[in-house]
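**Student:** Can you read through this structure? Questions will come right after.
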Ligand SMILES: CC(=O)SCCNC(=O)CCNC(=O)[C@H](O)C(C)(C)COP(=O)(O)OP(=O)(O)OC[C@H]1O[C@@H](n2cnc3c(N)ncnc32)[C@H](O)[C@@H]1OP(=O)(O)O
């Protein structure tokens with residue numbers, strides 16, 4: 001993808017449509033402090049955030065300047081007035097099954113002023129993002145959503161799920177491994193220095209993870225953001241293995257305990273591990289904490305080994321939600337980028353109201369890799385085939401959703417008997433997809 005993605009001209013079709021309503025779609029020059037500040041304040045208001053103070057504006061400006069930053073203004077508004085629509089985007093490295101990765105067009109900060117909603121501004125901005133991503137050669141786009149009802153119409157679909165855990169510590173006696181390494185508290189600055197390296201070491205093996213930007217790490221350790229109470233209570237603990245190599249880190253806060261001091265809640269904000277050893281050591285530490293009756297953990301994998309490391313699985317209550325949404329734009333490039341757990345062929349008839357992913361494709365998987373050809377007319381004899389929209393193909397892409405389930409739900413049509421099972425075998429991911437950040 002071109003390194004000049006931030007300056008690629010806005011989509012003329014979407015811009016023309018908005019112009020007909022007295023609105024201007026344009027890029028924010030992130031070197032222009034006044035213009036960028038106004039865009040950031042509009043975005044914050046759109047998400048019911050605080051009016052940003054100078055310190056947090058400065059952090060956002062430094063941390064987000066590299067992104068493509070787009071706004072919508074009322075015609076005639078000057079450059080430093082707040083836009084009525086905001087969106088940002090950038091090429092993110094998305095981990096795929098088989099230890100592969102792809103550059104995906106990440107979309108974030110979609111907001112429209114509450115005074116300008118339901119007039120098609122978000123639609124124009126999203127359609128412009130898809131056109132830009134496609135023009136720049138991105139095979140797919142990704143986002144995390146505030147509401148799950150907005151993005152299906154643009155071809156996005158849930159592709160990675162995440163779970164929030166509530167754990168009753170009294171029942172969660174540790175029965176897992178007893179690692180031989182060492183746990184020790186570190187400062188938030190030290191945690192900040194460790195997080196990117198630990199994340200980068202582990203993310204390639206987990207489909208759905210992305211490369212995380214610096215400002216997000218600052219926010220994790222409360223070095224950015226305006227929640228002072230959170231910053232005061234946040235603790236960081238690292239795990240070094242028996243050889244002395246750092247292999248994991250956890251961030252947590254203890255809250256509550258006012259009525260009964262033995263019943264604090266431990267909010268596990270982040271737990272990152274690069275080995276099973278580090279995972280077990282950090283979870284064991286968290287669950288064994290004195291004066292804590294409940295642990296709450298956020299954005300965890302839907303397939304946590306933890307379930308098998310406590311005496312009573314019912315100590316863990318889960319609340320699963322869609323998390324990462326995917327929108328495939330170029331079917332051959334996207335499907336050839338990932339690895340496959342089985343050999344075989346499958347025919348895919350894909351419809352897409354925007355046209356990007358529409359067509360008939362033959363996927364041939366062998367030796368872990370896949371190749372895709374376009375098919376005119378019928379699929380070859382004997383090849384199992386499925387029909388679906390781009391949404392379902394996007395849900396299947398990372399292996400978190402099974403084609404048999406989508407076939408049973410009626411979302412995917414089996415054009416030949418048992419094609420769902422054949423596709424499920426090909427698309428399956430041996431590692432459960434997971435994404436541990438919002439963007
Ligand atoms: C990737 C992310 O950034 S996720 C964050 C999304 N942003 C937010 O939640 C912030 C608060 N909300 C907002 O700023 C706005 O309400 C937005 C961005 C969600 C929608 O902006 P609008 O300009 O009002 O949307 P627009 O008028 O273009 O509507 C486009 C379509 O989405 C639908 N839509 C808009 N908002 C919603 C919603 N909250 N829930 C469900 N559907 C919605 C509209 O009905 C319309 O559907 P249609 O064209 O198929 O009939």
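Our numbering is plain: 1 for the first residue shown, then up by one each step along the chain.
Note: Cβ is positioned from N, Cα and C throughout, glycine not excepted.
Any TrEMBL annotation is an automated prediction that lacks curation.
According to TrEMBL, the record shows the following:
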- 151: active site, proton donor (ACT_SITE)
- 439: active site, proton acceptor (ACT_SITE)
- 110, 111, 112, 118, 119, 120, 121, 122, 123, 146, 147: acetyl-CoA binding site (BINDING)
- 23-189: domain 'N-acetyltransferase' (DOMAIN)
**Student:** Sorted by position, what residues of the same chain at least six away from residue 119 (acetyl-CoA binding site) have a C-beta under 8 A from it?
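**Tutor:** 21 - these are the non-local Cβ neighbours of residue 119 (acetyl-CoA binding site), listed in sequence order.
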**Student:** For the residue listed as 'active site, proton acceptor', which of the binding-site residues 110, 112, 123, 147 has the nearest Cα in space?
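**Tutor:** Minimum Cα distance from the residue listed as 'active site, proton acceptor' across 110, 112, 123, 147 lands on 110.
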**Student:** Rounded to a whole angstrom, what is the C-alpha distance between residue 110 (acetyl-CoA binding site) and the residue listed as 'active site, proton donor'?
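**Tutor:** One finds 11 Å between the Cα atoms of these residues.
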**Student:** Using CB under 6 Å from any atom of ligand 1, narrow the recorded positions 112, 121, 151, 439 to the ones that qualify.
**Tutor:** 112, 121
**Student:** Going by DSSP, is residue 123 (acetyl-CoA binding site) part of a helix, a strand, or coil?
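**Tutor:** Once the DSSP labels are grouped into three classes, residue 123 (acetyl-CoA binding site) ends up as helix.
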**Student:** Do you know offhand how many angstrom separate residue 121 (acetyl-CoA binding site) and the residue listed as 'active site, proton donor' by C-alpha?
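**Tutor:** On Cα coordinates alone, these residues lie 14 Å apart.
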**Student:** Using the structure shown, find which entry in 112, 123 (the binding-site residues) has the sparsest Cβ neighbourhood within 10 Å.
**Tutor:** 123
**Student:** Taking the Cβ of residue 439 (active site, proton acceptor) as centre, how many other Cβ atoms lie within 10 Å?
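**Tutor:** There are 18 such Cβ atoms around residue 439 (active site, proton acceptor).
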